[in-house]
Every structure is written in C-alpha cells, then in structure tokens.
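Reading through the structure tokens given below for one structure.
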Amino acid sequence: MLTQLKAKSEGKLAKQICKVVLDHFEKQYSKELGDAWNTVREILTSPSCWQYAVLLNRFNYPFELEKDLHLKGYHTLSQGSLPNYPKSVKCYLSRTPGRIPSERHQIGNLKKYYLLNAASLLPVLALELRDGEKVLDLCAAPGGKSIALLQCACPGYLHCNEYDSLRLRWLRQTLESFIPQPLINVIKVSELDGRKMGDAQPEMFDKVLVDAPCSNDRSWLFSSDSQKASCRISQRRNLPLLQIELLRSAIKALRPGGILVYSTCTLSKAENQDVISEILNSHGNIMPMDIKGIARTCSHDFTFAPTGQECGLLVIPDKGKAWGPMYVAKLKKSWSTGKW
C-alpha cells in the first residue's frame, strides 16, 4: 500500500524551475532569512527531497494502513507533546522523501487519509477547536484545513467559504470525500467575497481561520510561463492589502473573546509579519497570542525561522524536515467595536 508514486515524483523532477521567480526569491529571501535561505532554496528547488504527511480520517479509520505506516518508520506529529493536542488527530510523518498514493474520489465512499504538507496542520492545531464551537474557515479551498479541523473536534457549526468558483467545487468534493452525512449537516459552504464576511455575519464565530491567498512559494517557483511569472511579481505587492482586508473582515466576524489564526504558505515578510503588525497597530481590541510553545515542542519535526517573527512562527524547509513554508499567527479579540 505504501508503494511510492515514482511516475509522479519523476513528473515533478521534470518540471523546470522558473529562473525569473528564483532570482526574485534570491534577492528578497537572502535578505530576510540570511544564511538559512541557502538550505531553504536547496529544498524548494529539489522536489525529490519533498515529504508528504498522512492525515488519517477518523470517520473511516484505516487500521491496516496505520500498521503499515508504523512498519515503514512513520511517526505521529508531535507524538502528543503539544499542549491540548487532540487525541483524535493522527498525522503520520516520515523523515524520508516520498508519498503514498492518493485516493480517488468515489461518491458514497469516504476516503481514509489525506496527504498534506505537515506544516499546514499547525494553523489548525493553533486554533484549538472544541466541540460545539462555531468556526469560520474564510478561505477554505481546497479543503485540507477544514478536514483537519473536523479531525480535531465536532463543531456546532462550520462555515467553509471560498470566493473562487473553480476552487469552490474542489472544496465541496473534498468535504464529500471525508465527512459523513450527519456531520455534513452542520457545515455550510459559501462563495462570498471574504472581505465582506464580517459585514454579513458580525460577531458570529468563536474561532476563525484565515488561510490567506498568498505567493505560494513552492508552486510559483515552478511556473511554466515566465511571462506570467513576471506579471505575478508585479502583482505580488498587492497581496498584503488583500490579506489585511480579509483579516479585518474576519475580526468583524469574530465574537469578543474569540480566537483568530492567520496563515500563509509563503516566506515573504510583507505577507506575514508585516500584515500582522498592521492589524495590531490599527486594532486596539486585537492582541497577539504566544505560540512559541509550538516551536519548542515541535522542533524535532519542523525547522522554524530563528528571527524576525515577533508575533508568529515561520516554518522553513530544511534537510530531513522539508515542511513549509508555513507562517502562523494567533490573535484574540478582546472586545467589540460595535461598528459594522
């Protein structure tokens, strides 16, 4: 069952690195990451080094697969060392590159596992979802973090929003593939501009996840069209504004005392720390929450950027720990502004 997909791996190796993007990254990230950029660049440009974690679906638990994973040397994320780590979440990691086959979508049959970059589970764990809570996944497609949220707890209400119509279809299929019908009934899927969610549903949610549209460094680095890649470089400077607007909307949708987690899959300081700094400077009712404990307890599985992350964590790809990029920041809303 754990035969690696050599054809897919070779396909990735055949992809060409986009020199325009790599040069852009080199100029920016060598300054922002310092010496760490050399290793990060090596991993990002070598798909043969990439790793894939296996998140088991508690609604159709694959006991035989779990045995196979143990035999192959896989281990569970954090092995229970994280505070408030849900026992229902089983995510298996391997130190060696490779992946197991993806399962096909079959109507009426729940998938047994979800393949993901292990770092993408950290925003979900940081949210600390509890049974019965109302939660919003503001930018939910393709659905991996929504699936992970439902492995953690059974919310009273889960609102999965995605503005892009093509990605929305992907999101719906993902949910149908992993979640049983009784739980589907507590999930709402919408196609609303995330910047308007706060006005549409003010102070509705206990927890909000904003996995924001971002540069998506891994994918962008292998752009097949250099002209489009160059265009994206100029458009990239507009992303922080969008991210800030999404966060402001999310804050409106969050009840007083509620928790918001912001995440991206880019190394960019402008899209990570600078965005959070702008929110903290412009919202007196928003306070940063310390998540440095995650870095301390997960250091055996992830490498974190050592500096420049005052209000969050940045997972950077490393040898034997090829997870990330993934930025995570956790915020708390202290009181209501009463302005919608």
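A Cβ is built for glycine as well, from the same backbone N, Cα and C atoms used for every other residue.
The Cβ of C265 (active site, nucleophile) has 21 other Cβ atoms within 10 Å, all protein chains considered. According to Swiss-Prot, the feature active site, nucleophile maps to C265.
Its Cβ placed at the centre, D193 (S-adenosyl-L-methionine binding site) has 12 other Cβ atoms within 10 Å. DSSP gives D193 (S-adenosyl-L-methionine binding site) a coil state; it is part of no helix or strand. What Swiss-Prot lists as S-adenosyl-L-methionine binding site is C139, A140, A141, P142, G143, G144, K145, E162, D193, D211, and the listing cites sequence analysis.
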Fill in the blank from the handout: Taking only the CA atoms, the spacing between G143 (S-adenosyl-L-methionine binding site) and C265 (active site, nucleophile), expressed in whole angstrom, is 15
Practice task
Give the distance between the Cα atoms of C265 (active site, nucleophile) and K145 (S-adenosyl-L-methionine binding site), rounded to the nearest whole Å.
Solution key: 13
Problem - Maximal Cα-Cα distance (Å) across residues annotated as binding S-adenosyl-L-methionine, namely C139, A140, A141, P142, G143, G144, K145, E162, D193, D211 - result: 20
